[in-house]
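The structure under discussion appears below in the form of structure tokens.
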Amino acid sequence: MASACALTTIAILAAILFYVLLLLSRTMELRFAASYAMVDCAPPPSSDDGAAAFRGTLLPLLAALPAAAAPTGFASLQSGGGAFARGLCLGDPAPQDCLACLAAAAKKLAGCGASRRAGVWRSEGCFLAYADGNTSSAHEDAFRDVISFGEEVYPAVISVDDGTLPSYPNCFDTRALVALAQSLAGRGAANSSGARVVTDAAALSSNATGKNAVKLRAQCARDRAAAAECARCLGDSAREVRACGWGLDGEHERVADVLGYNCFLRIETSVPPRPVAKYVKQPVVFALCAAILLVLVVTAVIACVRKKRGTGNVAAAAASGASSVSRLRTCSQYYSGVHSWLTVNYQSVIRFEC
């Protein structure tokens with residue numbers, strides 16, 4: 001029984017310790033994925049006698065576009081009725097993934113009714129738009145939508161010195177960010193896989209104190225692939241990103257997707273895994289973990305001792321009962337013999353009690 005208690009205690013402590021170490025080393029960090037489908041339907045004309053005919057030629061285009069774009073990640077189609085459609089898959093996805101994303105996007109655009117121009121962006125990594133002409137409108141050139149999400153990778157730890165929370169450096173230098181985004185036009189942003197660049201937060205911020213890495217990912221539509229036009233589009237997208245609130249302190253991660261008709265820009269910050277040794281240097285966290293482990297050890301030991309004592313008492317009671325039964329049986333056998341002898345020899349009955 002003692003060995004069973006010992007093994008139970010060791011197993012509990014090993015599991016708890018393993019969990020704590022994984023948590024501190026960030027290997028069990030919980031992540032969440034942002035999911036979105038952004039649809040922009042331009043207002044339909046006040047009077048449009050050809051709306052039905054236009055829609056009749058548009059719907060076959062939307063149905064055919066996903067299969068046309070899936071092999072290379074881009075396609076632009078035109079109908080005889082003056083409808084244009086183009087689709088783009090971001091990065092270099094597998095054809096089946098590109099097909100699935102664009103097919104879902106086409107279903108979204110089918111709901112724009114009588115709109116002559118519309119676009120949809122999906123978080124899976126694709127963009128699809130249609131129009132009644134092959135040039136961008138003023139609305140499409142100016143349109144930007146920023147979708148931001150992020151998380152607190154490492155929770156703030158109260159300082160044991162003054163009891164205050166650490167300050168969080170937040171801001172990018174917008175000019176540096178715009179320049180870096182524009183440089184992606186010359187790094188292949190119009191290629192099938194787009195362009196990426198990774199730099200340190202210190203290169204884009206004057207008050208970054210943590211070791212945040214900043215990654216920019218960009219892709220321009222291939223039918224708008226002139227370097228100057230791509231650079232202008234990416235620069236305008238970077239200007240739409242809020243400069244502050246990024247938490248460039250090595251404790252947070254942020255992502256911002258900037259959606260446009262002619263280009264896509266993603267800005268992402270990340271932090272390196274934190275070693276356990278850094279947490280050990282923080283007395284509050286270390287003391288809390290030690291206290292939890294100590295309570296578990298004491299609880300397990302008390303439970304085992306109580307169980308052992310209870311088992312011993314039951315065994316002692318069983319042994320005592322067995323001894324009493326044995327003595328009673330011996331007494332009964334002795335007096336039964338005496339009773340038989342007296343009855344035979346003296347013809348008398350004597351009652352004995354044990």
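Heads up, the Cβ atoms here are built off N, Cα and C, so glycines get one too.
Taken verbatim from TrEMBL:
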- 35-135: domain 'Gnk2-homologous' (DOMAIN)
- 153-272: domain 'Gnk2-homologous' (DOMAIN)
- 284-305: transmembrane segment (TRANSMEM)
Tell me, what is the mean pLDDT of the domain 'Gnk2-homologous' (35-135)? 91
For the domain 'Gnk2-homologous' (153-272), the DSSP residue counts stand at 33 helix, 30 strand, 57 coil
Please list the DSSP helix, strand and coil residue counts for the domain 'Gnk2-homologous' (35-135). 37 helix, 27 strand, 37 coil
